[in-house]
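**Q** Okay, handing you the structure first.
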Amino acid sequence: MKIKTDEITSVLKQEILNYKKDLGVEEVGTVLEIGDGIARVFGLKNVMSGEMVEFQNGIFGQAFNLEDNSVGVVVYGNYLDIQEGFSVKRTNRILEVPVGPELLGRVVNPLGEPIDGKGPINAKLTRPVESPAPGIAMRQPVGEPMQTGIKAIDAMIPIGRGQRELIIGDRGTGKTSIALDTILNQKGTGVICVYVAIGQKASTVASTVEMLRNKGALEYTIVVSATAADPAPLQYIAPYSGCSMAEYFMYNEKKATLVVYDDLSKQAVAYRQMSLLLRRPPGREAYPGDVFYLHSRLLERAAKLDDKYGAGSLTALPIIETQEGEVSAYIPTNVISITDGQIYLQSNLFASGNRPAVDVGISVSRVGSAAQIKAMKQVAGKMKLELAQFRDLEAFAQLGTELDPATQAQLDRGNRIVQMLKQPVSSPYPVEEQVVEIFAVTRGFMDKIPVAKVQEYGKYLLNTIKEQYSEVLDSIRKEKKISDEEKLGEVLSKVAEEFLRKH
């Protein structure tokens, strides 16, 4: 066999001519010490604050402290897999998470990696975790309701699309239940929901996901979970990741979105832990000086965008856990001052069976009736006043003095309102049904119903109206107002008489 040398020579020459030597320059540092999720790195002279760095075993971190001789890096992963002497290289990019419709129905960690065992998420886009809040010119006033399906809230502490409403209370008062009921109530409305679980037990998150799946709410929801077992940096970054995932739908798809941060107290604790380990000076309650900015830059990203930017919205429901009802502690006062109102939950109301345990007296919505449909405005204003008067009279009546008939009637009606506002968990009411019930109790159409049977009557009333007078509900749903109060009054009188005959 004859070897064609000239052919081989020409191929070799061609290869040599085509050879290019690509020189890649990487800035590399060395881990000096590692522990508690924080690495001190020598080198990386030109690293930027907030830049992502990569350790030699593939774990990522973020440059937090830029000091004279070293860089303080927080580790987004298991720091036990990193050793002294490991090399660390710059990535020249900031922390980004995958975003897009591919994440709907999935459970992810704060880096956007799936943790539900359903395979990879092939998201086509990413967004920076930290992004600026929309400016004044990009916003419009909040005026469209975000229905929670909870009578006490939709009637007296209404939430609008683009609002930030704080849910605050001691542990075990039903804060998460209110947020999850609001997510369930968005079914069929086209609202995209993001539930961010921070520092919770993995078992609690699993049962929440299961509940959302069973109720058919997971298909329009993204769950971002940083459990109590995850490192502090992941718990710190979780709310910002969830917010970025929702922002994609607000900016790119022009949709209404709802984000629940459950809860920001644990995020502040994680941030305090990181700051102290980075040797940043502690302030009040050992929190760092910028803990207000931690929450303000997150919650300012909630907005109702102006029409020329697509009119999308991001509604935020941050949750704060208080200790023994102490709302004047550092983190609660910070978040109260940032948000557009708060829903207070009291443990004594919860214990006495008033659930949801909303204290209407000190809960406020700074958006107010702008976030209600006309039908709800027609019936709810009167109820808030009656309930406030009832609370005053109730304290007076406990003195055991003889009450005149008018005062007694007011007390009885107040008791009926309290009973009517009770609502089991995971059963949100459509707004037209709420309007009918509130109209009935405030206009005296329940005055003959015994207080103990008000809840039973509420169910009977709605079932009867759905079966026999469905046009009443249809008209409220379509016109968003009660167009014929007399007709509604006649229907309610009839139903009340029927109920009293049967019982």
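Placed from the backbone N, Cα and C atoms, the Cβ positions cover glycine too.
Found this in Swiss-Prot, in case it helps:
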{"type": "BINDING", "residues": "G169, D170, R171, G172, T173, G174, K175, T176", "note": "ATP binding site"}
{"type": "SITE", "residues": "S363", "note": "site 'Required for activity'"}
**Q** Between R171, K175, which of the binding-site residues has the fewest other CB atoms within 10 angstroms in the structure shown?
**A** R171
**Q** Starting from the Cβ centroid of G169, D170, R171, G172, T173, G174, K175, T176, which together make up the recorded ATP site, report each further residue of the same chain whose Cβ lies within 8 Å of that point, ordered by sequence.
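**A** Nearby residues not in the site list: E321, L345, S347, F350, A357.
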**Q** Within 10 Å of S363 (site 'Required for activity'), Cα to Cα, which of the binding-site residues D170, G172, T173, G174, K175, T176 are there?
**A** none
**Q** Output, ordered by sequence, the same-chain residues six or more apart from T173 (ATP binding site) with a CB under 8 Å from its CB, or 'none'.
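**A** The list for T173 (ATP binding site) reads L345, Q346, S347, F350, A357, given in order along the sequence.
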**Q** Tell me, if you would, which residue among G169, G172, G174 (binding-site residues) has the fewest other CB atoms within 10 Å in the structure shown?
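**A** Ranked by other Cβ atoms within 10 Å, the binding-site residues G169, G172, G174 bottom out at G172.
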